[in-house]
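A.B. asks: Pasting a structure below so you can have a look.
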């Protein structure tokens, strides 16, 4: 008697993968299902920033004089606009919309691309899920290919949404299409960079931070080139961020710059594929070095172990803070000589109570730096979740170590190192500009706002565990979004409600001791709530 056909099919061994990309369609569907919430949130967040600015351009610039004033501010009076946002190529509303929007849109688009690519490539390997999937009829590069198809396709969709959205509110179709290509190009460049980074390192966190830090750094290279002018202006052609800005949407578009972007993306994707083929599963091209046979005597305490886990990243960030702040202090002091007497700079200096107009420039940069520093603080604190899910916490807590003692070690690093980063940045700006006291006062006033963000993440993680990671990062995204939003006319109450940084914004005047004390107390209360929740909830085993 023969067995039924269905039984034979069910008991038959899985068919071997026939190619490196075989089995990719089911993986694409799996990625879309896993990110059915956060992928649309990222797309709508970026699109919302673009369309809200485009839709408000007539109310922001109601007449020719307002357009002329803004153009003069960007191109002649206020260097920070070129540094952080970009130049304006024409004196009209549409070009000014691009000037104000292009930096925020490309950075948020790039951040999402990096997060999603690393999440579905290196993170899958680090957790062991890729090995499980790879035991089925799935090709070697199917996971990487599926992640890239989803993210690159999302970038194309985002570009299409931007094109349709801008043209629907009356902006020229050709310029809208060029801007859509800019946003899509940012996603594609960042995704291909993340694909390469995921092959280089064994750690998903290092891959994410490295890829986005490189994109963010190239953004500043482009800004420094545009701000400096003259020969330094050509430095902007060395980075893809410069190619995207120099495509000049709504200003006699340069379509050939997108060919440079496509060429770079092609090279990076080829490199990612080659690197993936040459390494072992779970390993990186730059593998972690093995440690000594015996632990050092200094690793006998929980605090010492925690610091050992965070030491490399903390040292890297401290060196980066020195490398950015000190040269910026020296270079910016000279650059400010041509801008310090502008009317806009005088207004900001008066509002801040600054001793000189040039101090505004460094204050702007210092305020901008507190966002990546907050990102570092959240990564450091939320490593608690990774230690918990990977089973490391269970091993540690099986010894005479309490949950509070374990969590406080990571918490202290998340509070102390960002504080040190802001102090180092203030010293660097101050030494370079010969104004140490005022710059230290500015950067240290930002510390309580960073602590509040750490408190939000700690409270969320302590109360709801792994889901708190999402809450922590969502809080930072909300703060970034309303920061960009207040530049394009969003109500001030939105900024102050969703961002603790609104209460220490230097351009509204120096924050009072009451404000700083209140933010500190809020941070302490949130941390206490998080620690209490951690002590009471169950940990996965």
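A Cβ is built for glycine as well, from the same backbone N, Cα and C atoms used for every other residue.
TrEMBL labels come from automatic prediction, so no person has curated them.
TrEMBL lists these features:
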type	residues	note
TRANSMEM	37-54	transmembrane segment
TRANSMEM	101-121	transmembrane segment
TRANSMEM	142-161	transmembrane segment
TRANSMEM	173-197	transmembrane segment
TRANSMEM	209-235	transmembrane segment
TRANSMEM	255-277	transmembrane segment
TRANSMEM	317-340	transmembrane segment
TRANSMEM	360-385	transmembrane segment
TRANSMEM	406-431	transmembrane segment
TRANSMEM	443-463	transmembrane segment
TRANSMEM	470-490	transmembrane segment
TRANSMEM	510-534	transmembrane segment
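Could you tell me the structural context for the features on the list?
C.D. replies: Nonlocal intrachain contacts for the transmembrane segment (37-54), taken as residues 6+ away from its ends with a CB within less than 8 angstroms of a stretch CB, comprise 97, 100-101, 104-105, 108-109, 112, 116, 150, 154, 157-158, 161-162, 165-166, 169, 171, 179, 183, 470, 477, 481, 484-485, 488, 490.
Sequence-distant contacts of the transmembrane segment (101-121) (same chain, six or more residues past either end, CB-CB distance under 8 Å): 31, 35, 39, 42-43, 45-46, 49-50, 53-54, 84-86, 143-144, 146-148, 150-151, 154-155, 158, 162, 179, 182-183, 186-191, 193-195, 197-198, 204, 207-208, 211-212, 215-216, 219, 241, 244-245, 480-481, 484, 487-488.
Long-range contacts of the transmembrane segment (142-161) within the same chain, counting only residues at least 6 positions beyond its ends with a Cβ under 8 Å from a Cβ of the stretch, are 17, 20-24, 27-28, 30-32, 35, 39, 42-43, 46-47, 109, 113, 116-117, 119-121, 124, 130, 133-134, 180-181, 183-184, 186-188, 191-192, 195, 198, 269, 272-273, 276.
Sequence-distant contacts of the transmembrane segment (209-235) (same chain, six or more residues past either end, CB-CB distance under 8 Å): 79, 82-84, 86-87, 103, 106-107, 110-111, 114, 118, 189-190, 193-194, 196-197, 200-201, 241-242, 245, 313, 320, 331, 335, 372, 379.
Same-chain residues lying 6+ beyond the ends of the transmembrane segment (255-277) with a Cβ under 8 Å from its Cβ atoms: 20, 140-141, 144, 148, 178, 181, 185, 188-189, 192-193, 195-196, 198-200, 240, 243-244, 246-247, 285.
For the transmembrane segment (406-431), the residues of the chain that approach it from at least six positions outside its boundaries are 302-303, 305-307, 310, 314, 317-318, 321-322, 324-326, 328-329, 332, 362, 365-366, 369-370, 373-374, 376-378, 380-381, 383-384, 393, 396-397, 437-444, 446-447, 450-451, 454, 458, 462, 527, 531, 534, judged by C-beta separation under 8 angstroms.
Non-local neighbours of the transmembrane segment (443-463) in the same chain are 366-367, 370, 373-374, 377-378, 381-382, 384-385, 407, 411, 414-415, 418-419, 422-423, 425-426, 429, 469, 471-472, 475-476, 479, 500-501, 503-504, 506, 510-511, 516, 519-520, 522-527, 529-534, 537; each lies 6+ residues outside the stretch with a CB under 8 Å from one of its CB atoms.
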